[in-house]
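> Annotation comment: TrEMBL describes H152 as active site, proton donor. If you look up TrEMBL, you'll see W86, A120, W121, E122, C144, V145, I146, N177 marked as 5-amino-6-(D-ribitylamino)uracil binding site. If you look up TrEMBL, you'll see D149, T150, R191 marked as (2S)-2-hydroxy-3-oxobutyl phosphate binding site.
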Amino acid sequence: MVRDDHRFQAWGPPERLEQPVDRNRQLSLKHMAESALVDLACTRRPGLAPAAVKLLSHLEVLTRMTHYEGDLRPPTARFAIIASRWNARITDVLVAGARQSLAGNGIGEDAIDVIRVPGAWEIPVAANRVAQSGQHGAIIALGCVIRGDTRHYEHVADLCAEGLMSVQLQTGVPVLNGVLAVERVEDAEARAGGSHGNKGEECALAALELVNLMDLLP
């Protein structure tokens with residue numbers, strides 16, 4: 001799945017973000033503001049000068065800023081998809097969505113490793129091993145936990161999320177959390193190619209962007 005005009009959050013639906021202003025355009029706007037200020041001075045219309053001065057001040061700050069944002073360019077890095085077999089009817093769709101999204105953005109099949117584990121509980125330990133190997137630019141974790149009659153659902157979902165966060169903070173390898181934690185199977189279906197999109201696709205796009213961003217950050 002190729003998306004040129006959106007950025008996707010791994011934890012929710014896609015939302016449109018403002019595109020960053022090109023630095024050349026920043027400088028051009030600054031020069032325009034300077035010219036406008038000179039024109040105001042020449043025409044002796046001091047009443048308009050404060051607005052131009054304020055605009056110039058904002059643009060001076062803008063031109064000193066360094067803007068970092070990842071892109072969907074296909075990197076040379078490998079990607080790992082770690083998915084649970086539990087609730088396979090859902091997770092198989094998530095895996096397929098992630099693979100299609102990566103392939104649609106220039107990632108070859110030979111650069112994608114798919115690792116299956118029994119359930120969501122086992123995803124963090126597998127992610128930790130993969131991250132420590134240093135062979136992958138990002139890890140996409142996919143699973144599905146559905147509420148039952150006991151609190152087991154909460155323990156699995158919460159501790160899986162904590163484990164994935166711990167892995168990426170300790171290793172520096174981005175780990176995208178696409179483990180669905182839902183009340184009903186219908187909620188999972190809606191997020192696995194249904195009315196709420198495909199969480200696998202969203203996580204894959206976020207993984208691409210983060211790999212590129214990590215290369216840009218100092």
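Each Cβ is built from the backbone N, Cα and C atoms, and glycine gets one as well.
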> Using all protein chains in view, find how many other C-beta atoms are within 10 Å of the C-beta of W86 (5-amino-6-(D-ribitylamino)uracil binding site).
18
> Return the count of C-beta atoms lying within 10 angstroms of the C-beta of E122 (5-amino-6-(D-ribitylamino)uracil binding site), excluding that atom itself.
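So the number of other Cβ atoms within 10 Å of E122 (5-amino-6-(D-ribitylamino)uracil binding site) is 18.
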> According to DSSP, collapsed to three classes, what secondary structure does V145 (5-amino-6-(D-ribitylamino)uracil binding site) have?
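Looking at the DSSP assignment, V145 (5-amino-6-(D-ribitylamino)uracil binding site) belongs to a strand.
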> If I take the Cα of R191 ((2S)-2-hydroxy-3-oxobutyl phosphate binding site) as reference, which of the binding-site residues A120, E122, V145 has the closest Cα?
V145
> What's the CA-CA gap between E122 (5-amino-6-(D-ribitylamino)uracil binding site) and D149 ((2S)-2-hydroxy-3-oxobutyl phosphate binding site) in angstrom, rounded?
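Just about 21 Å between their Cα atoms.
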> Report, in whole Å, the straight Cα-to-Cα distance of H152 (active site, proton donor) from V145 (5-amino-6-(D-ribitylamino)uracil binding site).
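About 10 Å separate the Cα atoms of these two residues.
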> Per DSSP, to which secondary structure element type does E122 (5-amino-6-(D-ribitylamino)uracil binding site) belong, with helix, strand and coil as the options?
helix
> According to DSSP, which of helix, strand or coil covers H152 (active site, proton donor)?
helix
> Where does N177 (5-amino-6-(D-ribitylamino)uracil binding site) sit in DSSP terms: helix, strand, or coil?
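In three-state terms, N177 (5-amino-6-(D-ribitylamino)uracil binding site) counts as strand.
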> Which whole-number value in Å describes the distance between the Cα atoms of C144 (5-amino-6-(D-ribitylamino)uracil binding site) and H152 (active site, proton donor)?
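For C144 (5-amino-6-(D-ribitylamino)uracil binding site) versus H152 (active site, proton donor), the Cα atoms are 13 Å apart.
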> What's the number of neighbouring CB atoms sitting within 10 A of the CB on T150 ((2S)-2-hydroxy-3-oxobutyl phosphate binding site)?
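A 10 Å sphere around the Cβ of T150 ((2S)-2-hydroxy-3-oxobutyl phosphate binding site) contains 8 other Cβ atoms.
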